[in-house]
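Asks: Would you mind keeping the following structure in view while I ask a few things?
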Amino acid sequence: MGLQCYFGGTTIQTLKLAAIPASSRFILNPIPKTLVLDSFSRHNYVYCPLRNPFKLLLRALSATAVQTAPATESLDNKVVKPQWKAAIDFKWIRDNKDAVALNIKNRNSNANLELVLELYEKMLAVQKEVERLRGERNAVANKMKRKLEISERQKLIEEGKNLKEGLATLEEDLVKLTDELQLEAQCIPNMTHPNVPIGGEDSSTVRKMAGTPRDFGFPVKDHLQLGKELDLFDFDAAAEVSGSKFYYLKNEAVLLEMALVNWTLSEVMKKGFTPLTTPELVRSSVVEKCGFQPRGDNTQVYSIEGSDQCLIGTAEIPVGGIHMDAILAETQLPLKYVAFSHCFRTEAGAAGAATRGLYRVHQFSKVEMFVLCRPEESESYHEELIKIEEDLFSALGLHYKTFDMASGDLGAPAYRKFDVEAWMPGLGRYGEISSASNCLDYQSRRLGIRYRPSEPTPAPLKKGKGSLAPTQFVHTLNATACAVPRMIVCLLENYQQEDGSVIIPGPLRAFMGGLELITPKST
């Protein structure tokens, strides 16, 4: 439970933890359940393939986002009213329940398909009775228009009153059933690319391997020891100021972060991406529409108590919302963005040496790529995004592997996801430094992002608006170009020298004032 604190008349806003997809691989040590923030400061999706046997599941599991009133809770049956609704094709789900059930199983999702189907049948029954009573009410109203005896009119008035009361009760029940059905159905994950390996993370397959591990010829230090000897980090002071898993960067480490961000931005902009900085507080509804759960006990999201805002865990969220509820012209596509932001994650759950230092932290800088495109182009842009990532890491001389991630490791929105893991010699293992996901129209159907094709439909159409081609939902993709702390880990550990110095990779030197070497400070 959050607390509000008061210092000198200033209200301090309380942060509460909120849930992000359970399949997230970035997990940290537990931290306190609330964080205090000055009021003036600051895994499962589902998508359907475009080919059989799941072609039509696009309509079934995702649909136009419709804004409604803020979430409320019914006190009598504890049904939470959704903040927004997706026009889900429940009939398709019912008619293809075996395919949907298998996908839920393959994705390790906790979606309750049987409950969805049960609620759907109940909703249909109530809906049918509502329509029957409406018909009877209309019939009574039509009879009342005639010339009637007083006794007959009084009888119709009583009948109409009873119908009105019964209809009001049923309509209320229908709303509650619809809300509960909507909330349960939104838990069903996206469908999966047919080439995705089935199973847990260990079933993921290697798409590419670049470079080879360096042969040092001397005892290798990890980035924590290097950072201490080179006076680059201060974790102790940050722990006193902010808590565990926070840090200060110092001296050349600050220049290295800035160089990584600016070099990455400049390289990605050459590929036609528009640079952005983003808000780092967003509405919880936008977090939800992007496929994350901002409420719950197993949390990765910091939410601000007493408001509908959350701190972002990735720029994917605010960039995804930039065209929310928009109809784009086909000529505007593709829209390719590269965004810099700070990211905030609770990283709760993991502990041990593998999470020490900069590898898992609660706040970090990141450069994120985001693409909105026509449906038929999304797979080719997925390949483009992973190639951009691989080219960046190769230019920095890293040894890495690219994985096609297995179904059980996909977040709910991802149709397919590629991860990149780089060799970190000080840690003695590969560590994830990037990912690239194709979400098809899972996010755009919830965010309401559509485009209108340039060519009208060939069928005969009426004059006016009917001459326009019907709108379609865009596909969205996201990819990490540079997660700064893990890149610093890679560079320090791979470019360390026997005398304790660290070489700056060639591409970054111009962004560090020509600095070529980080050397120990003289005492």
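Keep in mind that glycine also has a Cβ here, set from the backbone N, Cα and C atoms.
Curation does not apply to TrEMBL; its annotations are automatic.
Take a look at what TrEMBL says about it:
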- THR314, ARG345, GLU368, ASN478: L-serine binding site (BINDING)
- ARG345, THR346, GLU347, VAL361, HIS362, GLN363, PHE364, GLU432, ILE433, SER434, SER435: ATP binding site (BINDING)
- 116-180: coiled coil (COILED)
- 222-505: domain 'Aminoacyl-transfer RNA synthetases class-II family profile' (DOMAIN)
- THR480: site 'Important for serine binding' (SITE)
Asks: Cα of ARG345 (L-serine binding site) to Cα of ILE433 (ATP binding site): how many Å, rounded?
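Replies: With distance taken Cα to Cα, ILE433 (ATP binding site) is 16 Å from ARG345 (L-serine binding site).
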Asks: If I take the Cα of SER435 (ATP binding site) as reference, which of the recorded positions GLU368, ASN478, THR480 has the closest Cα?
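Replies: Going through GLU368, ASN478, THR480 one by one, the Cα closest to that of SER435 (ATP binding site) is THR480.
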Asks: Out of the binding-site residues GLU347, HIS362, PHE364, ILE433, give me the one sitting nearest to ASN478 (L-serine binding site) by CA distance.
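Replies: Its closest listed neighbour, by Cα, is ILE433.
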Asks: For the L-serine binding site, please report the maximum Cα-Cα distance among THR314, ARG345, GLU368, ASN478 in Å.
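Replies: Across THR314, ARG345, GLU368, ASN478, the widest Cα separation comes out at 18 Å.
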Asks: When neighbour density is defined as the number of other C-beta atoms within 10 angstroms of a residue's C-beta, which of the binding-site residues GLU347, GLU368 has the lowest density?
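Replies: Ranked by other Cβ atoms within 10 Å, the binding-site residues GLU347, GLU368 bottom out at GLU347.
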Asks: In whole Å, how far is GLU347 (ATP binding site) from GLU368 (L-serine binding site) when you measure between their Cα atoms?
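Replies: Just about 19 Å between their Cα atoms.
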Asks: An 8 Å radius from the center of the THR314, ARG345, GLU368, ASN478 Cβ atoms defines the neighbourhood of the L-serine site; name the other residues of that chain inside it, in order.
Replies: ILE312, GLY313, ALA315, GLU316, ILE317, CYS343, LYS366, THR480
Asks: Just to verify a number: CA distance, THR480 (site 'Important for serine binding') to THR314 (L-serine binding site), in angstrom, no decimals.
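Replies: THR314 (L-serine binding site) has its Cα 9 Å from the Cα of THR480 (site 'Important for serine binding').
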Asks: Record lists ARG345, THR346, GLU347, VAL361, HIS362, GLN363, PHE364, GLU432, ILE433, SER434, SER435 as binding ATP; longest Cα-Cα distance in Å?
Replies: 19
Asks: Over the coiled coil (116-180), what does the predicted model average in pLDDT?
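Replies: Summarising the coiled coil (116-180) by its mean pLDDT gives 86.
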